[in-house]
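Colleague: Next up is a structure, given as structure tokens.
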Amino acid sequence: MGNSNSKSVKNDKENFEDPNATNFESVSQFKIRNVIGKGSWSTVFVVKHRQTKQRFALKCINKKKHDEHKIKKLRNEVLLLQSLNHPLLCKFYSEFEDETKIYLVTDLMLGGDLRYHISQRKFNESVIRIWMVELVSALIYIHSKGVLHRDVKPDNILLDEKGHCKLADFNVAAKVHTSSSPSKSNMTVGRVGTPVYMAPETLIHAVSYKESDWWSLGITFYECLFQVRPFPNHLLINWIRASEEEKASSADRLSSALHISRDKKLTTISKDARSAVMAFLEMDIKKRLGHSSKKLQTHPFFCSISLETVSKGNLTPIFRPKSGKVYVDPILDLEATF
């Protein structure tokens, strides 16, 4: 989890709680099924609630592997998740714990992540347009709540069984600072996220704004179109690893390398898609697509789809994951222990 000086949001139960949901207080309320995700500090299981028979994702975090600072950040993440409620966010239901583990109950997203799908095949612009407009809706919503995601990338975008894209994994998300100084307001401090998706202002100046999320979406958009990222991995990773003195001496070179306008791949897509990609990957945050929500919603690539329809989850996706297919690595079940 990344560093942040931001305060967590307060729990807004009135806005969050589903009146039809069961109150989850113990892992004994669930039947544990197969593993769908495994990280260095957590394992995610498919579970079925014994009473309602509903299926959920249960993330199990081992307390022994983390110090108090990391556990505190996790609890702040939970508070933030409880304040968000939108059809295109992976819904958070409950958090509880026992002596050794912390458990998070969320929506079960059986369609896999976007990374899996774009690595398997090339998709046309019509499919990608729907993905992007759903993510636009999700980002507009969290930004309206003063939240920056700070790690938008295909790995953190999950598909449900109907093919809807949902923004997930808020482990480095943060509330923006509020300050009487315009230069320090609506931002967070620190190089947080995944280097190859970080915006220039995050890489160079170690700050993030809402526009930084739009840059990351632009990289994701490009990757959906071409199955590769626009900028060399080594360039960005080496920058992160460099000393502050080295960063200062090479900032201009990095800034020059992050210009998308000369990319020949962009000539192979539609004019509207090309315009959107280039606008998301604009160096100047005040000119970047997303700085103005009105310009974003009226952009030619997106304007044919009503954001009101999208924000209610009523858009019908073109691509739908195959029913019954499990988009996870089967070896996970062999490696995981509960």
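Heads up, the Cβ atoms here are built off N, Cα and C, so glycines get one too.
According to Swiss-Prot, the protein carries these features:
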- 1-20: region 'Disordered' (REGION)
- 30-302: domain 'Protein kinase' (DOMAIN)
- Ile36, Gly37, Lys38, Gly39, Ser40, Trp41, Ser42, Thr43, Val44, Lys59: ATP binding site (BINDING)
- Asp151: active site, proton acceptor (ACT_SITE)
Colleague: Among Ile36, Gly37, Lys38, Gly39, Ser40, Trp41, Ser42, Thr43, Val44, Lys59, the annotated ATP contacts, find the widest CA pair distance and round it to a whole Å.
Modeller: 14
Colleague: Which secondary structure state does DSSP assign to Ser40 (ATP binding site), in the simple three-class scheme?
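Modeller: Once the DSSP labels are grouped into three classes, Ser40 (ATP binding site) ends up as coil.
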Colleague: If one measures from the C-alpha of the residue listed as 'active site, proton acceptor' to the C-alpha of Ser40 (ATP binding site), what distance in angstrom results, rounded to a whole number?
Modeller: 18
Colleague: Measuring CB to CB from Ser40 (ATP binding site), give everything in the same chain under 8 Å that is also at least six residues away in sequence.
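Modeller: Once residues fewer than 6 apart are set aside, Ser40 (ATP binding site) is near Lys65.
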Colleague: Among the recorded positions listed here, Ile36, Lys38, Ser42, Asp151, which has the most company in the form of other Cβ atoms within 10 Å of its Cβ?
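Modeller: Result of the Cβ crowding comparison: Ile36.
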Colleague: Using a Cβ cut-off under 8 Å and a sequence separation of 6 or more, which residues in the same chain sit near Val44 (ATP binding site)?
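Modeller: The answer is Val35, Ile36, Gly37, Lys38, Ala57, Leu58, Lys59, Cys60.
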